[in-house]
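First up is the structure itself, then whatever we jot down about it.
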């Protein structure tokens, strides 16, 4: 989990709009963010394996 202070800091409006960055909506992680799903790769993997994301399946061949 990300530090609460950093999550709150990211939510505040920035002085310059280019400073704004995305964070995972579940854990608050700023890196490896997947814009289409709004979460980081770790949370995406956990949710996909549990079947919580519609249309996403684990590939096998």
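Yeah, the Cβs are placed from backbone N, Cα and C, and that goes for glycine too.
DSSP gives residue 27 (Zn(2+) binding site) a coil state; it is part of no helix or strand. Marked as Zn(2+) binding site by Swiss-Prot: 24, 27, 40, 43.
All protein chains shown were included, and the count of other CB atoms within 10 Å of the CB of residue 40 (Zn(2+) binding site) stands at 23. In this structure, of the binding-site residues 24, 27, 43, the smallest number of CB atoms within 10 A of the CB marks 27.
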